[in-house]
Amino acid sequence: MAAEALLSSLLGLLFLGLLLPAHLTGGVGSLNLEELSEMRYGIQILPLPVMGGQSQASDVVVVSSKYKQRYECRLPAGAIHFQREREEETPAYQGPGIPELLSPMRDAPCLLKTKDWWTYEFCYGRHIQQYHMEDSEIKGDVLYLGYYQSAFNWDDETAKASKQHRLKRYHSQTYGNGSKCDLNGKPREAEVRFLCDEGAGISGDYIDRVDEPFSCSYVLSIRTSRLCPHPLLRPPASAAPQAILCHPALQPDEYMAYLQRQAESKQHEEKVTEEVQDTDHQVWSGSKAAGAPPKKEDVSPTKEDKESEFWKMLQEPEEQATGTEEAQAGEQDLNHEAAADPAPAPPTDFQNNVQVKLIRSPADLIRLIEELKGAEKGKPSVRQEQPGDDTTEAPQREAEAKGKGGEPRGLVEEEDGDEEEEDEDEDEQQLLGEFEKELEGMLLPSDRERLRSEVKAGMERELENIIQETEKELDPEGLRKESEREQAILALTSTLDKLIKRLQESQSPELVQKYKKRRVVPQKPPPSPHPTEEEPEHRVRVRVTKLRHGGPNQDLTVLEMNRENPQLKQIEGLVTEVLEREGLTAEGKIEIKIVRPGAEGKEEDTRWLTDEDTRNLKEIFFNILVQGAEEANKERQRQSELESNYRRVWGSPGGEDTGDLDEFDF
């Protein structure tokens with residue numbers, strides 16, 4: 001809005017300059033209203049001054065701002081040659097004339113338009129009526145705005161001289177001798193203007209607007225696609241605004257002082273640049289001379305240090321690997337039964353860091369827990385002594401069990417089982433924590449998953465073997481019952497599942513997320529909770545409401561358009577088309593208010609939006625969704641530069657000033 005106000009004010013000054021004497025303006029100009037109706041202009045106030053009075057061209061005009069700053073503005077070349085080009089334009093059209101193009105409207109239905117209280121009815125070539133409607137019925141008198149009298153003749157020489165219709169690109173008809181006007185006592189009259197609208201081919205002809213410039217004198221604008229084939233009525237191609245360039249006009253002494261200041265400023269910049277370059281060269285030369293000798297002296301020690309570190313790094317892994325292989329060999333000798341067992345061996349990637357123990361009895365489980373406790377308290381010797389303990393403690397416990405001859409064997413096993421259950425509840429967390437810490441420090445998520453599956457399968461097989469061996473050793477009636485056997489299996493399986501579940505939950509979320517990203521496993525998309533019948537179409541939802549005064553007290557009521565209304569579907573289609581064409585998604589909420597008077601009657605009897613409103617919505621959506629932010633940014637920057645240049649006042653040498661910001665108002 002500020003740019004438009006500035007443009008109009010400067011154009012006013014520009015046109016006043018056209019009327020000034022020739023010795024002030026440097027040329028003679030004339031105000032061409034036809035040019036203003038056809039062309040668009042954009043004012044540009046440049047910061048580069050010129051010497052005033054030097055240009056004698058006819059396309060230069062001198063104007064003055066409110067701050068008394070004079071400008072020389074040069075009209076664009078298109079404005080100079082506008083009149084000649086328009087006269088030389090000869091459209092090569094061999095089709096039907098304008099009356100023939102509009103003749104089908106005679107047999108078409110009359111056009112209706114409701115504006116405020118009144119409804120207007122236009123019947124081509126017959127008459128124009130005005131009346132009030134309530135509940136689809138005419139209430140009160142019917143006024144005639146006029147009967148058909150004549151149409152504009154495009155071949156008449158007098159009509160050609162006016163060029164009004166040619167410039168505004170419309171065809172007109174005259175309607176007169178209507179109902180008597182109560183204000184001036186004259187019969188009502190109207191002018192009907194037909195304009196090309198290519199979009200009207202789908203919705204049909206329509207009354208765009210009804211104006212009353214004078215009392216009982218009306219102008220109806222009708223949009224139709226029937227006139228678009230004619231070159232004289234087809235809308236011209238939109239072009240960029242013609243720029244009017246305005247330079248500050250200085251007196252000769254002011255201009256010479258300006259040139260001198262520019263030369264001094266340029267010399268100062270060159271001098272500063274040379275000083276900076278000299279300083280950089282000196283600093284670079286000094287640093288290069290000082291840094292060269294140390295580099296030569298340090299070359300050989302650095303290489304020797306790097307080589308020694310490299311050989312140390314190679315020797316350390318070999319020593320570690322040798323120690324690990326020896327430990328593994330000793331463990332395999334002591335646990336030959338475990339090697340012969342069909343349980344799966346751990347992956348080869350973990351043979352240097354992971355030790356796998358087979359738990360074949362509750363006593364082995366207790367010993368493993370004690371070893372882990374000792375490792376936590378800072379006793380690394382527990383793990384080294386483990387193979388020996390395995391061989392010595394097992395016979396001792398068996399001897400103690402056999403020594404108790406007064407008790408049955410089944411009772412001894414039950415008492416041992418109770419003690420083991422109590423110890424298991426206390427030490428389960430400790431065992432699981434140590435196991436998880438070692439896995440987190442040594443394994444990647446993918447390796448953990450593989451190791452976990454193999455350990456789980458091996459433990460399940462070992463549990464099954466333990467149950468089978470126990471059945472053989474115990475009394476035939478001990479666990480032969482199916483119920484007892486199932487209970488034992490469930491107890492062992494639940495413990496195993498609990499350990500595996502806790503292990504899965506304790507994984508680092510970040511590592512799990514990275515592991516999931518690396519895996520390329522196709523997953524089915526989750527089903528939508530509320531499937532729609534046509535998902536792409538229902539991505540965009542448009543809601544149209546209308547405010548209307550009604551009832552005896554003229555209360556304000558709110559009406560909402562029905563979802564089945566075809567006009568609502570058309571609006572949703574326009575929004576979807578804009579979004580798909582620009583590659584945007586329907587996110588967020590946009591509210592657009594169209595302020596217009598509502599019509600009386602029920603919802604189904606009234607039209608919510610005119611055809612023009614529906615067509616304009618597409619442009620509104622495009623401006624909001626696509627061009628809004630970028631264009632607003634550019635316009636804001638251009639406006640700021642324009643105002644800054646306009647406020648600058650060029651005075652005596654060194655005395656430039658700016659206008660008062662409080663007085664300057666766009």
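From the backbone N, Cα and C atoms, a Cβ is placed for every residue, glycine too.
Predicted, not measured: the structure shown is a model, and the values here were computed from it.
Here C228 is paired by Swiss-Prot through a disulfide bond, and of C181, C196, C246 its partner is C196. Among C73, C110, the cysteine that Swiss-Prot records as disulfide-bonded to C123 is C110. Residues of the same chain lying 6 or more positions beyond the ends of the compositional bias 'Basic and acidic residues' (263-281) include none with a Cβ under 8 Å from any Cβ of it. In three-state terms derived from DSSP, E212 (mannooligosaccharide derivative binding site) belongs to an extended strand segment. The binding-site residues considered are D182, E212; of these, D182 has the fewest other C-beta atoms within 10 angstroms of its C-beta. The Cβ of W118 (mannooligosaccharide derivative binding site) lies under 8 Å from the Cβ of Q130, Y131, H132, each of these being in the same chain and 6 or more residues away along the sequence.
Sequence-distant neighbours of R188 (mannooligosaccharide derivative binding site) (same chain, six or more apart, CB under 8 Å from its CB) are L143, Y144, L145, G146, G178, S179, K180, C181, C216, S217, Y218, listed in sequence order. In the structure shown, the C-beta of Y218 has more C-beta neighbours within 10 angstroms than that of any other entry among the binding-site residues W117, Y218.
Within the set W117, W118, Q130, D182, R188, E212, Y218 that the record links to mannooligosaccharide derivative, no two Cα atoms are more than 18 Å apart, and one pair reaches that distance.
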